[in-house]
Amino acid sequence: MDATTSGTSSIQYHNITDQPITAIVAAPISTFQRNQRHCFGDSTPGEFPLAANPSIVLHVLTDCNLDPQDLAKLEATCSFFRLPANFAPDYELSISELAALDMCQKRAIFKPMTPEERQDLKQSCGGSWKLVLRFLLAGEACCRREKSQAIAGPGHSIAVTSKGVVYSFGSNSSGQLGHGTTEEEWRPRQIRSLQGIRIIQAAAGPGRTMLISDAGQVYAFGKDSFGEAEYGVQGTKLVTTPQLVESLKNIFVVQAAIGNFFTAVLSREGRVYTFSWGSDGKLGHQTEPNDVEPHPLLGALENIPVVQIAAGYCYLLALACQPSGMSVYSVGCGLGGKLGHGSRTDEKYPRLVEQFQLLNLQPMVVAAGAWHAAVVGRDGRVCTWGWGRYGCLGHGNEECESVPKVVEALSKVKAVHVATGDYTTFVVSDEGDVYSFGCGESASLGHNNAAAAAAVADGQGNRHANVLSPELVTSLKEVNERVVQISLTNSIYWNAHTFALTESGKLYAFGAGDKGQLGIELVDNQTERGNPERVDIDLI
């Protein structure tokens, strides 16, 4: 199909700049004639007018998977890319908008949406398909949606292959492995009852597991209480095989996060829902620990789409996507300054963490540890805040920080991923290198290399020493694999273990393994592994 002549009009479009991302207001555009050549000079042989071949241009833009910023820059620099292209399904859309829509339609969570649902999402994102694409891409980037992943839960572990097959291993006292028993598993075992169901996300909490399918359905097993305390027995029964969460059947869920005393889920439209939080309404609503009904998170995020949630000890972080840019909101318990607002007070409703604007940092990934939090910015900077015990903030001390602070020791590293646990932090660089800092208990930092082991043997070192500033995990460097994800135990009651997932789908484990949570057989009364060891499973 070809472009047609358009009369002079005021066309509304969005220009997304690098930082911040903003929408451009309507601007007058000159008349677009088919015989007018744009961007390619005059009639030199070998050149072709873009206006005469819009279908080819659209194919190139879509096939190259340009990001929303690139599409917006094309609109800003050439009228051809922002005038109506006269293509279905919307003849008024520009080439750039059509390219963004085509790329949205490749996303698994976008495909099943009705036309009305798609339009609603478009409006909530800011009225542009480029902004919808940015919303979808942001969620995929920070959550490894539809990609292989490993979850180091409290005493048990979950591994998901790129094809959506799920394996579990470790502690199973509550049936949290999903095999229909309460027996421990020391090797990865496939959850057979999920055959035919593709899982794209997983979450693990104390004695509980939640899995999310590509159809947006949630399966849960283990303790039956959404508001279970990390160390308690509120649950009335145990569920030993994956069961569909009936109360979420009408919500297309893309992520779940299990915190202490509460559970949160994120819908594909970017709405946050929570289960439980105690009778005093700490999340803006009254619930009981055994409440099984989801409640929408009220307040500032009611009309702002969220791309990622992260749960810590009695608090929740949300990474929001707005036309003006990415932002972080926090709600819940403020002990240690972990909400990032410059105080230690609780917040009943989500509140914007304003410090990122002062730092000129666009948040791209959030992580909520038990008592501290971290963010990776678009430019690769890492910020941490909260309780600084054992050096988990990476600032060279154990001081608390009540607002996000850039980790200066990582100034020469471009980070792409961050993971937090109980006073422990891991950072992954764009080159696949891994840095860790914080509490060294149970060897979960990965610094137990040959030199450290020799120092311990000579009585000159501490195998479980705390690390106050980021240190390269050389033991992972030695595996000669590019690391793409780190997961570590986020619990104050369980000894921590850590997973490192490589680009080729190999999984390495280290840290506490007394319940089989490493997926590796330990010998000679061992309870932990100091160096990364390959788990016998292929997640590609």
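The backbone N, Cα and C atoms fix where each Cβ goes, and this holds for glycine too.
Feature annotations, courtesy of TrEMBL:
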type	residues	note
DOMAIN	148-449	domain 'RCC1-like'
REPEAT	164-215	repeat 'RCC1'
REPEAT	216-269	repeat 'RCC1'
REPEAT	270-322	repeat 'RCC1'
REPEAT	326-379	repeat 'RCC1'
REPEAT	380-431	repeat 'RCC1'
REPEAT	432-504	repeat 'RCC1'
REPEAT	505-540	repeat 'RCC1'
Helix, strand and coil totals (DSSP H, G, I; E, B; other) for the repeat 'RCC1' (505-540): 0 helix, 18 strand, 18 coil
Helix, strand and coil totals (DSSP H, G, I; E, B; other) for the repeat 'RCC1' (380-431): 6 helix, 23 strand, 23 coil
Counts of helix, strand and coil residues, the repeat 'RCC1' (326-379), according to DSSP: 7 helix, 25 strand, 22 coil
Summary of DSSP states over the repeat 'RCC1' (164-215), given as helix, strand and coil counts: 3 helix, 24 strand, 25 coil
